[in-house]
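S.K.: Not my notes, these are from TrEMBL:
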- C30, C35, C41, S277: [4Fe-4S] cluster 1 binding site (BINDING)
- C56, C60, C63: [4Fe-4S] cluster 2 binding site (BINDING)
- 42-266: domain 'Radical SAM core' (DOMAIN)
Amino acid sequence: MTYPGLTDDGLVRYHSLKANIKSTGLATVCQEAKCPNIGECWSGGTATIMLMGDTCTRGCRFCAVKTSRKPPALDASEPSTVAETISKWKGEDGNQLSYIVLTSVDRDDVLDQGSMHIAETVRKLKEKMPDLLVEALVPDFKGDSFCVKEVATSGLDVYAHNIETVERLTPSVRDRRAGYRQSLRTLEMAKEYCPKLLTKSSIMLGLGEEDVEVEHAMKDLRDSGVDVVTFGQYLQPTKHHMKVTRYVTPEEFNKWKKIAEKMGFRYCASGPLVRSSYRAGEYYMESMIRNRQQEEVTL
């Protein structure tokens, strides 16, 4: 596969990162979910590691990740492997990465939903790179407060969980074990357990939602204390997945960004190819977190 627009240096970083990931056996959401931004992100020296394997226990109708009721057992060495791997990655400036995004599959087959595994990965990363900022896009953990607390208090900087779509469409878009209100509650709990956390969620457009429903979902997110929201175009990954009802125009994406800013979201990324782990927003979010850390030091 080719990626037009990449520089020679970018291609070198892309292939180096690809070889590195292959050698570790780690999964990335970039590959498993067929992300359209893989060329841009990998050429910048970073990928989004998908924790707990490449097989999910849930089967959402929009998602390309493999599903199974009984995925392989968790790899206890993965947290250390992830930390060691990421510590070797270099950004476009040749320096160690300053911001990384983790994501994961759902693991309903594990007693704690994999929350301790995710938390341990965050801790290993922070031990290896104390200045690294870590964002984790995590499951709903069936709404279990213990699991949410485990991850929220692990040293994480950004707690992300996606509502994915509006309330009316949730039963037809997401796995039956997911719930719109359940997702909102996990985001609320994360903030309750660690008030300094930035919380983040994402909404796909082009699934049949109405504008009034999108605004209602945005209000629900703000009422749940969510700081950051992203909007992207749903793209059908295979013929077996949900069909796209329509393609949203750039002007509409810009409209949602303006509405989000008026509602008080601290940051909004909105565009056809924006995804929840898209690196374009990292620079702004990193700046927000670094400024907050500096304010805490001077108090």
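Cβ coordinates come from backbone N, Cα and C, glycine included.
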S.K.: Around the recorded [4Fe-4S] cluster 2 site, report the further residues of that chain (criterion: Cβ within 8 Å of the mean position of the Cβ atoms of C56, C60, C63; site residues excluded), sequence-ordered.
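M.R.: So the additional residues around the site are R58, G59, F62, A64, V65, T67, V105, D106, D175.
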S.K.: Do you know the mean pLDDT across the domain 'Radical SAM core' (42-266)?
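M.R.: Across the domain 'Radical SAM core' (42-266), the average pLDDT comes out at 94.
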S.K.: Cβ-Cβ under 8 Å from C56 ([4Fe-4S] cluster 2 binding site), same chain, 6 or more residues apart: which ones?
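M.R.: Non-local contacts for C56 ([4Fe-4S] cluster 2 binding site): C63, V65, K66, T67, S68, P71, V105, D106, R107.
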S.K.: Might you list, by sequence position, any residue in that chain lying six or more from C60 ([4Fe-4S] cluster 2 binding site) with a Cβ less than 8 Å away from its Cβ?
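M.R.: Sequence-distant Cβ neighbours: E164, V173, R174, D175, A178.
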S.K.: Neighbour count, 10 Å Cβ-Cβ cut-off, for C63 ([4Fe-4S] cluster 2 binding site): what number do you get?
M.R.: 22
S.K.: Can you tell me whether DSSP puts C60 ([4Fe-4S] cluster 2 binding site) in helix, strand or coil?
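M.R.: Where C60 ([4Fe-4S] cluster 2 binding site) sits, the three-state DSSP reduction gives coil.
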